[in-house]
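Chemist: Feature annotation from TrEMBL assigns signal peptide to 1-22. Residues or ranges marked as domain 'GH16' in TrEMBL: 2-213. The active site, nucleophile annotation in TrEMBL covers GLU99. Annotation source TrEMBL lists active site, proton donor at GLU103. What TrEMBL records for ASN107 is N-linked glycosylation site. Annotated region 'Disordered' per TrEMBL: 227-246, in sequence order.
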Amino acid sequence: MASSTIVSVMLLVSTLLAVALAGNMDQGFDITWGDGRGKMLNNGDLLTLSLDKASGSGFQSKNEYLFGKIDMQLKLVPGNSAGTVTAYYLSSKGSNWDEIDFEFLGNLSGDPYILHTNVFSQGKGNREQQFYLWFDPTADFHTYSILWNPQRIIFSVDGTPIREFKNSESIGVPFPKNQAMRMYSSLWNADDWATRGGLVKTDWSKAPFTASYRNFKADACVWSSGKSSCPSSSTSSTSSSTSSSSWFSQQLDNTAQERLRWVQRNYMIYNYCADLKRFPQGLPPECRTS
Ligand SMILES: *[C@@H]1O[C@H](CO)[C@@H](O)[C@H](O)[C@H]1NC(C)=O
């Protein structure tokens with residue numbers, strides 16, 4: 001008797017929790033363009049974007065952040081997705097903007113997506129790294145994360161780091177740390193460049209193309225009216241950081257560094273830091289340190 005009561009109380013609690021967690025996409029985002037092509041489904045738990053010949057679609061976070069750990073689960077456009085680009089990024093505003101990018105370049109059925117990454121600081125990007133993935137990103141949801149703290153930016157896929165961009169201000173490279181950023185996502189047609197440099201065109205007979213999003217998590221400092229939601233003590237990395245803000249001083253431990261090297265050895269297909277042809281005057285300074 002007693003144990004069945006405990007079980008039913010636990011069921012009730014977990015139901016309440018599930019209800020409390022529902023509507024997560026709905027609470028975090030506004031669909032901003034696409035004239036009905038972006039949709040909130042399952043009580044706001046699932047967000048889908050679609051693209052057809054007339055338009056793509058997109059959404060943005062209600063909040064702006066200045067540092068954080070952002071996780072999102074995405075399931076990309078299946079089948080023949082050549083020419084489509086699903087972008088998921090953080091960006092500030094203005095001509096000296098900062099930006100941290102994930103972009104997924106579609107492909108013909110059975111051919112691999114390219115995961116394209118970039119980091120802009122004060123309006124300057126040109127820091128592309130591209131990867132293949134070690135799974136089919138259209139078959140299931142996978143978690144794509146951006147860890148952004150004052151020392152580094154770490155891009156991860158299902159918890160595996162794929163790229164680290166370190167703060168190299170000491171050698172004169174601006175680092176995104178003074179401008180709050182919003183999260184944006186969009187699904188759009190880029191068949192003038194995306195698939196094999198624009199050679200493969202979008203097959204509109206397969207439209208509409210749809211990408212899905214769920215389980216957004218922002219362990220982050222929300223920026224609002226010129227103030228951060230994080231205690232100012234968290235800006236000194238030596239402060240007794242609570243477990244909830246450990247991301248603020250997080251770095252890659254040995255295991256994570258090994259994982260990163262595994263990805264870079266086996267799945268990285270482009271690295272601006274290795275592109276001597278592109279930078280005949282010498283590689284960008286941050287390339288010499290990381
Ligand atoms: C598409 O597949 C081809 C052939 O495997 C590959 O070379 C290319 O990198 C893939 N991705 C894109 C976006 O073109």
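Counting begins at 1 with the first residue displayed.
From the backbone N, Cα and C atoms, a Cβ is placed for every residue, glycine too.
On a predicted model such as this, the values are computed, not experimentally measured, just so you know.
Please go over these features one by one and say how buried each is and what sits next to it.
Modeler: Following the DSSP three-state reduction, the secondary structure of GLU99 (active site, nucleophile) is strand.
There are 19 other Cβ atoms within 10 Å of the Cβ belonging to GLU103 (active site, proton donor).
Within 10 Å of the C-beta of ASN107 (N-linked glycosylation site) we count 21 further C-beta atoms, all protein chains included.
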Chemist: With respect to ligand 1, which members of the recorded positions GLU99, GLU103, ASN107 satisfy a Cβ distance under 6 angstroms to one of its atoms?
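Modeler: If the test is a Cβ under 6 Å from any atom of ligand 1, the answer is ASN107.
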Chemist: Taking the Cα atoms as reference points, how far is GLU99 (active site, nucleophile) from ASN107 (N-linked glycosylation site) in Å?
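Modeler: Distance (Cα to Cα, whole Å): 25 Å.
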Chemist: Report the mean pLDDT of the predicted model across the domain 'GH16' (2-213), rounded to a whole number.
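Modeler: A mean pLDDT of 93 is what the predicted model shows over the domain 'GH16' (2-213).
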Chemist: May I ask you to report the DSSP-based helix, strand or coil state of ASN107 (N-linked glycosylation site)?
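Modeler: It is coil.
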